[in-house]
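Taken verbatim from Swiss-Prot:
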type	residues	note
BINDING	79, 110	anthranilate 1 binding site
BINDING	79, 82-83, 87, 89-92, 107-115, 119	5-phospho-alpha-D-ribose 1-diphosphate binding site
BINDING	91, 225	Mg(2+) 1 binding site
BINDING	165	anthranilate 2 binding site
BINDING	224, 225	Mg(2+) 2 binding site
């Protein structure tokens, strides 16, 4: 670890292979906590590259719980969090809209870190059992079309690092890589990030991970979701090419809405919002979900255009299919899946 620390002190970038090896050392129980803290702070001060992010992602995925990865066509729409906007659970609500539209959603997530309610907190409030094994997750993806992967359970080697991150109380590379460490072999991905300057590096990492298609968005007001407030900056990965563009919600028929108007609350309050959206109630919450789910359906290749994605998202809700997916996941996740144990 000392050689990597010296490079970082000198402001030099690590190669992908160096970062991979450093990542394995970070997960080694014999390394000193002071070394872990120093590494994370120095890396943050220097600024992370796509190669460094990918190297660490390789190490974390290697040490994650093993999956059979026989499920084809899975997608995740997990964002980084960390924008501090205290919005309702946009991506988790959107996940059921995607599932209702026929996308297999492997939703990677955690409890609240910078918000009041994380995806795990919301799903528990709704009645979903978030404690699923890899074999149970495979079953849910195949038979329900959506499953939740509780990040701490998927990455047990990260327990000590989580403690150190909390003690440091400053953003580190781990604030960026959550969506990139999903242990399921995803084909497509929709990622919201809170740092605009990391749009391209994250897209490059998704390309290295072999995603067929992906879309990375930094919303107006630096939201880690697409926002109705104004211009959204996106990077699209398609046909192994990366294209940068901006998206104005007004172009797609939405009225502009300030981010403050889509704030959430505790798990009970956010569960109420999610159920209202999935039940077809018209609101700014629904419009926000339609924009994000529409972009995700486009990123998945389910539709050829963003406009078609938004229309399909609306149909998923208004037909009752999105809500049906939630109800099915509640039942299936709480069953004793003896057939896969």
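Just so you know, glycine gets a Cβ as well, placed from its N, Cα and C.
Annotated features, which come from Swiss-Prot, shown on the structure.
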{"residue": "79", "record": "anthranilate 1 binding site", "Cβ contacts under 8 Å, 6 or more apart": "91, 179, 191, 192, 193, 224, 225"}
{"residue": "108", "record": "5-phospho-alpha-D-ribose 1-diphosphate binding site", "Cβ contacts under 8 Å, 6 or more apart": "76, 78, 149, 151, 154, 178, 179, 181, 182, 184"}
{"residue": "110", "record": "anthranilate 1 binding site", "Cβ contacts under 8 Å, 6 or more apart": "81, 118, 119, 120, 150, 151, 152, 178"}
{"residue": "111", "record": "5-phospho-alpha-D-ribose 1-diphosphate binding site", "Cβ contacts under 8 Å, 6 or more apart": "118, 120, 121"}
{"residue": "165", "record": "anthranilate 2 binding site", "Cβ contacts under 8 Å, 6 or more apart": "40, 172, 174"}
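DSSP assigns residue 111 (5-phospho-alpha-D-ribose 1-diphosphate binding site) to coil, not to a helix or a strand. Neighbour density for residue 87 (5-phospho-alpha-D-ribose 1-diphosphate binding site): within 10 A of its CB lie 25 other CB atoms from the protein chains shown. Using a 10 Å radius centred on the Cβ of residue 91 (5-phospho-alpha-D-ribose 1-diphosphate binding site) and all shown protein chains, the other Cβ atoms total 26. Taking all protein chains in view, 32 other C-beta atoms sit within 10 angstroms of the C-beta of residue 225 (Mg(2+) 1 binding site). The local packing around residue 224 (Mg(2+) 2 binding site), expressed as other Cβ atoms within 10 Å of its Cβ over all shown chains, amounts to 26. Secondary structure from DSSP puts residue 87 (5-phospho-alpha-D-ribose 1-diphosphate binding site) in a beta strand.
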